[in-house]
Amino acid sequence: MFKAALTSSKQARAGVRWRVPVAVVAGVVLLAIPLYADRFWLNLGSFAFAAAIGAVGLMILVGRVGQLSLAHSFFLAVGAYGYIWLSSPATEESWGLGLPSLAAAVVAVALAGLAGLAFSPLAGRLKGIYLGVASLALVFIGQHVLFTAEPLTGGYNGRNVPELSIGSFQVFGVEPELSLFGVPLRQAERGWYVTLLILALTTVFAVLVLRSRVGRAFAAIRDGEVHAAALGVRVARYRSVAFTLSSVYAGLAGVLLALLFERVVPEYWDLFLSLEYLAMVVIGGQASVAGAIAGAAFVSSLPLLLQRYSDAIPGMGGAVSNFGPAYVAQILYGGMIVLILFYEPKGLAALATRARKALTPRRPVAADRTPAA
Amino acid sequence: MTAPGARLQVSDVTVRFAGVTALSGVTFTAEPGTIHAVIGPNGAGKSSLFNVLSGIYKPAEGSVRVDGSELIGLAPHRVTALGVGRAFQNASMFAGLTVEENLLLGRHRLGRGGVFAAGLRLPYARRSEREARAKVREVAEFLGVDHLLALPAAELPYGEAKRVDIARALATEPRLLLLDEPAAGMHTHEKVEVRDTIRRIAAERQITVLLVEHDMGLVMGISEQVTVLDFGQVVTTGPPGRVTSDEAVIAAYLGRAGAAQKARSESQPPS
């Protein structure tokens, strides 16, 4: 037992040694990619970064507090349609407030948070799978509203997403012209940098929250709510705090996805989208921030990659359309979830730990003989 | 640094579950700064009593006062705020956290800072966190578990987990400490350590200790007062010497026949 304990504190030290150089290298590579990659890869990345923000939010709720939510797509939709409604000018057949787009984006994220807060009487009292079932109702209500409230959502045909601009600077557009090392920064490049920056900021925020007394209260509720309460943790309050926080992250991801899509249709924000986000969290290892981001990258880019390379994959290309990339992607990550739950419940996060261990030079055996006490 | 121990007054506490009476009119007082034990056979109601005292069960009748403040009806986190700390029977650690984080949870109520303060590293939240870590280290040193702080709690051996559990309860800065079978499942030398630890808590920090324990050697060795429960009722309360010779206590532990036999052997002159 002491030996196991020693090994793990050694692992922790090894982790710290590796973390800084790995982060620096990853950061440089991520910043340099738009200088070399084409539109396809940049769009793939932007979608992955936006999705990762939503996945981190769901991970906090599912992995750290032990709650289940199937309503993540609902809060993504609140962000997306909130932004469209707030920033579009009103016309005869559609509603809009015509706010400046940056203000609209901020208020839309706040709206998603308010929607999460409004659900807190349930989110605070219900536990685990019971909350999952209750949250299902939100998805169905959301879908019904999205299809029927035509002035708000445009109904089946969807609605255009107004551009996000700060003054005359188009955040996801081309004006004014910018370039970096001679490479023009147009839509795709800007999309990559902006979503990456927001992902980085929200990730740091999430990590700081999870390391604080709030994050410890979350984990205590997950590992033993009665004991957490007996130590002075207000269980219901922290459950609803986590739910609200996760809906803010979903709202932000929803705004960014809408801006990247440029036009959104109701059927995108359905139960299946919630399940995709759960898949990201599970594949990532459930309780890891980095894992949730990796899971989001995997789940959101797989269908796009399959689409692009479908001609090169036997049986997928050509006229046989009922075996399309989206369908194959679902089967692939469905299979992956089964494999992960069976063999590596800590998901991609655990694979990274293993790789680090394999790469860390072993210390001499004598180090293991240090007295434990 | 610590507030002096609290007086615990339990009066007429009755707990019923679907027709079964778990506690019936339980009354006793634990004096400030003393070690007070609650003993009794399995099913006597000791755990129910502890759950009432930490706000988990609401009794049908009765009152529990900590230095005069009514505890019944308060949510568990308010009971903690009243100065009641609890160590658990099975020393359950929060398995996904380190030992230090487990101890920091004991400081949760005394800390400051919500989501925004933490995520934006606001100065007052960072100061609160620094203070919490310093206090946790101090409590860990007091109980000799400071070398374990960096370990994942799930890796702790049982005996160490019991000590960390007591440290976590102490980190809440209680005036009344509830210890639920602190020596259960321990070796003889570990029991000696537990006994010394409890004595030091009462002596050096003047915290009132309410102890539920099966090990009679331990209970009789350290308690100033002992309350005996049987079938949810108080059989007697008194100093250990008087309690061990009480007929009703012997009856509760050995059964009526045992008591009758003992009485017979004492009343008959040796032939």
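Quick reminder: no glycine exception, Cβ is built from N, Cα and C everywhere.
Because TrEMBL annotations are produced automatically, they should be read as predictions rather than curated entries.
Over in TrEMBL, the protein carries these features:
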- A:20-37: transmembrane segment (TRANSMEM)
- A:43-62: transmembrane segment (TRANSMEM)
- A:69-86: transmembrane segment (TRANSMEM)
- A:98-117: transmembrane segment (TRANSMEM)
- A:129-147: transmembrane segment (TRANSMEM)
- A:191-210: transmembrane segment (TRANSMEM)
- A:241-261: transmembrane segment (TRANSMEM)
- A:281-306: transmembrane segment (TRANSMEM)
- A:326-343: transmembrane segment (TRANSMEM)
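Contact check: the transmembrane segment (A:129-147) against the transmembrane segment (A:241-261) gives fewer than three Cβ pairs closer than 8 Å, residues 6 or more apart, which falls short of the contact criterion. Of the Cβ pairs linking the transmembrane segment (A:281-306) with the transmembrane segment (A:326-343) and spaced 6 or more residues apart, 3 or more are under 8 Å, so the two regions touch. Across A:20-37, A:43-62, A:69-86, A:98-117, the stretch most heavily in contact with the transmembrane segment (A:191-210), judged by Cβ pairs under 8 Å, is A:43-62. By the Cβ criterion (distance under 8 Å, sequence gap of 6 or more), the transmembrane segment (A:69-86) is not counted as touching the transmembrane segment (A:326-343), fewer than 3 such pairs being found. For the transmembrane segment (A:98-117), the residues of the chain that approach it from at least six positions outside its boundaries are 74-75, 78-80, 82-83, 86-90, 123, 162-166, 240, 243-248, 250-252, 254-255, judged by C-beta separation under 8 angstroms.
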